[in-house]
Amino acid sequence: MIIPIRCFTCGSLIGDKWEPFITRVSNGEDPGKVLDDLGVKRYCCRRMLLSHVDIIKEVIHYTRPI
């Protein structure tokens, strides 16, 4: 869905790191190196970015009108 603003486990701010992360990984950089450069050290925060699946464009087709 939408990338969370904070880590579910420790509460660290991770939402601001999503765009630089996805841009650099799309350009072929190693995800682990990118996370190190962005300062994401905790494994709980790293998994939030590494395991996120952006499916908002698929889900939005199934919303009901208000």
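Cβ atoms are placed via backbone N, Cα and C, with glycine included.
Annotated Zn(2+) binding site per Swiss-Prot: C7, C10, C44, C45, in sequence order. The C-beta environment of C45 (Zn(2+) binding site), restricted to residues of the same chain at least 6 apart in sequence and closer than 8 Å, consists of C7, T9, C10, S12, I14.
Once Cβ contacts within 10 Å are tallied over all protein chains shown, the binding-site residues C7, C10, C44 are led by C7.
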